[in-house]
């Protein structure tokens, strides 16, 4: 029995990997999202031993996380540390999930809902805190069903995860028991999925006229470099190539009003070139290029560099044609075990990473910056920032009307990594009802509309430029913008109340039983 259950869990690990963007199909097989967790949930329902159930839960996530995040192993010289760190770092999370699953499945009658709620909590829990890594959420397994995921503008991405888990858990329960009562466990989640699809279709009809209006427009060039400037010897090449590609874009459209270069194009702070850069001539060429074309640039470069203690911030500079820097935004969310290195405050740890991997540690930014141009108010997000719904939502509440993501995922060397990141960006547009522009080093450079649909994009791992006349439509307030992840908080409260109520009833029954025994005696 145990061997069969572990095989089922491994099968789910493969199915969930195929459902999201992967190396076989870049967009993923989203149809699998509706059944990918079924083998796992059947196995969880079958196991009655506590250690076996907890072990199965950990085993599944090791399989799934390894298959879905293998590209972390390519993260520069210490990718293996990043990959192993992420896999091992989430074992305590899956152990905790397994622990709660055991007692919930043992105690509660509605196993379908118990599994659904606990797996949704798992998705949320690994999206917060020091080890936050919100990748591979259940919601992403159905990302190609655009009408379905529109419901994220009400309850957020975790509600979509809930719906996916609910359907999978219902199917698993029905396949185990196969009776009319358990048919309801499929009926309710199917109704929820159908209602979400219907909402998405109606939403697009209702917003069509509003989004057809135009308040302002802006000609934008997003430059895709396809060279990692942070690799040895690539720093100068990165600048030269970026200038060359930008010149090509300006030849095609001389009316460009805003140029966006990706994350980390410069390997030195833009405002301190003489102190940090070996070739001031090349940097002067860049400055003259900006002044000559009289166009504002957004450029990825480090800031607050301190080589003495080995730290810097990953930043975006908003540079005016006269070279004034109007904004410097620094990345707020850092990747655990890659940018956010445990114990980096100790000198021997800093020296180890600097000596062996030529890596400077990063410190988080602590404030948002809105880049203003005409009537556009851009919300800059650097790479991993866009994986956190609360940041994009906060930008929107502060008046931002378009998201712009600067990313360098070229180190991943895989299409699956680029497309997985792209899926994340789609949800931020849906949740907040605003467009997203992605300017990336190697993919996916694109413009995304308010529904999370791709307007234009470039191919991955190819040099190029994306020219877009971005239309600014009237903004509208989404329910998610107002309530955030309240759905999760309500779900947690419901689970706690149910658990406490069950515990109270158990204690009451035990008390009554002991009283009956005493009376008989």
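Positions of Cβ are set from backbone N, Cα and C atoms, glycine also.
Swiss-Prot annotations:
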- 24-44: transmembrane segment (TRANSMEM)
- 71-91: transmembrane segment (TRANSMEM)
- 128-148: transmembrane segment (TRANSMEM)
- 151-171: transmembrane segment (TRANSMEM)
- 182-202: transmembrane segment (TRANSMEM)
- 218-472: domain 'CN hydrolase' (DOMAIN)
- 263: active site, proton acceptor (ACT_SITE)
- 331: active site (ACT_SITE)
- 383: active site, nucleophile (ACT_SITE)
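Structural mapping of features recorded in Swiss-Prot.
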residue	record	DSSP (3 states)
263	active site, proton acceptor	coil
331	active site	coil
383	active site, nucleophile	helix
Fill in the blank from the handout: Between the C-alpha atoms of the residue listed as 'active site, proton acceptor' and the residue listed as 'active site, nucleophile', the distance in angstrom, to the nearest integer, is 7
Fill in the blank from the handout: Under 8 Å Cβ-Cβ from the transmembrane segment (151-171), and at least six residues away from its ends along the same chain, one finds 33-38, 41, 111-113, 115-117, 119-120, 123-124, 127, 137-139, 141-142, 185-190, 192-193, 196, 199-200, 203, 389, 427, 430-433, 478-480, 483-488, 491
Fill in the blank from the handout: Expressed in Å to no decimal places, the gap between the Cα atoms of residue 331 (active site) and the residue listed as 'active site, nucleophile' is 8
Exercise for the section: Would you mind listing the long-range same-chain contacts of the transmembrane segment (182-202), meaning Cβ under 8 Å and 6+ residues beyond its ends? Expected result: 34, 112, 145-151, 154, 160, 163, 166-167, 169-171, 173-174, 176
Practice task
With an 8 Å cut-off on Cβ-Cβ distance and a minimum sequence separation of at least 6, pull the same-chain contacts of the residue listed as 'active site, nucleophile', or say none.
Solution key: 263, 314, 331, 335, 405, 406, 407, 408, 409, 421
